[in-house]
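Asker: The following block contains the structure, expressed as structure tokens.
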Amino acid sequence: MLQGRRLCRISLLMILIITFSVFGPWDFLGVYNKADSAITFLSDGDVVSAEGYVYHKEIKNDNLLYYVKDASVTTGSGTLSKTSFIIKLESDEIPNYCKLNIRKGIVKHFSHARNEGGFDMGDYYNSLGLCFELEDVSIAGFETSALGQYDFCFKLRNAISHIYETYLPGEEADFLSSVALGAKGGLDEELKTLFQEVGIAHILAVSGLHVSVVCMALYSLLRRRGLSFVCSGALAGNVAVFYGFLTGGSVSSVRAIGMFLIYLGAQVAGESYDMLTALAVMADFLLIDNFLIIKNASFIFSFGAVLGIIYVAMPFSNVYVNYSRLRRRSIKSDEGFVSGPVPLTMRLVEYIVSSLVFSFGMNVAMLPIVTQLFYQTPIYSVLLNLVVLPMMPALLLVGLIAGIIGLFISGLAGILFMPCHFIIYFYELISYSFSKLPMATIIVGKKSLIAVIIYYVVLVAIIRIYEVTSEYLLGKKSIVDNTSILLSYKKKLWILSISFVLISLIWFIPSKSGFEMDFIDVGQGDGIFINSGDDTTFFIDGGSTNQDTVGKYTMLPFLKSKGVRKIDYWFLSHTDEDHVSGFIELLESGYKVEKLVLSEVIPKDEMFNQIEALAKANGTEILYMRQGDIVATKHVIFRCVYPFDDVATLYADDVNALSLSLVMSYDSNSDCTPEYTAFFGGDIAAEQEQLIAKSGLVGHVNLLKVSHHGSRFSSDSIFLNTLSPDTAIISCSKKNRYGHPADEAISRLEEAGCKIYYTMNSGRICVSRDGIDLYVE
């Protein structure tokens, strides 16, 4: 495949070397030196002064973000050189590409993911070449540079975005700013999530489609007008570079514009253009500037999509095109199709089917990438893209032209924005409609690297075999054999299609996993996921008081990364916010919960009424447990040990005191001999713990989920002596107004001989048959 592609081979070798240094056991290129130096030299809260060069800025959440590189940061103990960081300002005080002098700033390192599936801010900003953030910045001054045109691009982008806001509703204006200008800072999160779920989020990124519409169209027009290759290429190339700066120079736009410039170079030099070589050269260009960009999701998507086009979508589409040519050759001459033009109806059908085949090929090619990053895949995106993509050139061109005209002639711009409004509204309407179809999105989970490699090796091998077969069959010119050749080719085309479907379906098979308990780091709250090992899933509580969207951004990504498509039994100990807020978010999102289990004496407060209504709307069955009831599967038994029937009146005004308390027993052999036991008590206090201890219902347990986040009123000594737990787990945040965990509770746990783990220190805590695994060491 790489025969005669010397530049391509060299570029790919460089990519392999960098990839091995980034992901391999030896960082022989010093990939992580800059990030590690910043972590070692600087601590959170350090007050520093700094100077460096502003190379990029963007608006996000009404703040201006300035990206600073080649910086020197000075503290009381010395100076850190050649580092990079980000600062936030409320106003546009500083131009792009200037030397910035910061009098004072406070260091804040980027946070890392605390749970599986969570967004890793540290990895994201490190992949952009940034090491930390400076807060509460005081600017001493700046020196402008000769590169003022780049700040002009930033101001022009903001001016056009303002025009969009003037003539379009807020959500549509932000969408058009993202699509046409690459300004994603104001993009509505719900709309972005909707497009991701239905498989058209790629239209939000400035990519090859934009370059084709804006730049390739201009180059083709100039060539048709008679301009030379050099003049046409120079004009189109400059427009491409300017558009790149206008749209903020994202990874996908740099890749697309760079490949376009290489194409223009090949045109001017009279050489053939090789897409794979151009792609490899642009990958090296980005990687040499910043090795860690290879971990960036935009990089993976952008380059993965082009590789998918080269090795899967185009060959698969060509197989169908070749089949169409064979079919035409086999048509009888008396039907008038052999020497004459192909009928319009036949051409239209072939175009639609060819587009469908190409779209299907792209979906198959991108399936592992999509699921590794989002843990789910849209099912109907093949069809939806056929409808959405043909309108994109019109939306992009009209949007850009109307935005520019709006800077000078307001009335005409208002008319031009009408088709933009209808197209965007149609996008939202059809996306929402597709999202409501059965099985619109299937949760797959994160697969192993070995599974990804095997998938692509098999996929490319299948494509290559049938591509070679296609070329062989097309080489047979005998009219007599056309019918048999066509039948043979049609059979092989069907086999290829079925092979694609099968390899995709295999990817959807859930991974088998054994018993495990995951204590998710939800901040100040509780959230416990349990996999019984016999295809039954449980969840206990799920909420937080210091994470506003804990369900959407913590619990749901965790479940998706595990490939968990539904929860069979969800226990809620009581209705406090820090135990139910995430659960409510999941129900509102439509996540499937088969059964909700509550205490029979749970107070019927306002929060209970909300939960009950959501459960019914979601088709969730509500079960009520009383002391002595059990929920049992093949390997796991949950036994309710509290509240007792006679405490409902006693603690009528105390939801914590009526928390559903459970003892879980795990038995891998199903022989009624528990191998592992755990106690979960919600927010009960010492008084309720003593009642449980005196009841004789609970003996020794292996694990204690410490009640009430380790408050000083929990973990009673009598209770601990009765349960004598080996391990205690406390779920709380480092900074909380309650003082959790209390020193008194920790002392009692230590006196009882417990080994204590804290989610605030380790992030997610996983308990399995192999022991205890900490997500953050």
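Cβ atoms are placed via backbone N, Cα and C, with glycine included.
TrEMBL labels come from automatic prediction, so no person has curated them.
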Asker: Among 300-323, 636-659, indicate the range for which TrEMBL gives the feature transmembrane segment.
Answerer: 300-323
Asker: Out of 7-26, 300-323, 394-427, which stretch touches the transmembrane segment (493-510) the most, going by CB pairs under 8 Å?
Answerer: 300-323
Asker: Between the transmembrane segment (448-466) and the stretches 199-219, 351-374, 394-427, work out which stretch tops the count of Cβ pairs under 8 Å.
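Answerer: Going through each listed stretch, the top one turns out to be 351-374.
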Asker: Quick check for me: are there 3+ Cβ pairs below 8 Å between the transmembrane segment (300-323) and the transmembrane segment (7-26), leaving out pairs under 6 residues apart?
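Answerer: Contact absent: fewer than 3 Cβ pairs fall under 8 Å.
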Asker: Is the transmembrane segment (394-427) packed against any residues at least 6 beyond its ends, judged by a Cβ distance under 8 Å, and which are they?
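Answerer: Answer is 159-160, 163-164, 166-169, 172, 175-176, 179-181, 200, 209-210, 213-214, 388.
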Asker: Treating G and I as helix alongside H, and B as strand alongside E, what does DSSP give for the domain 'Metallo-beta-lactamase' (521-590) in helix, strand and coil?
Answerer: 25 helix, 21 strand, 24 coil
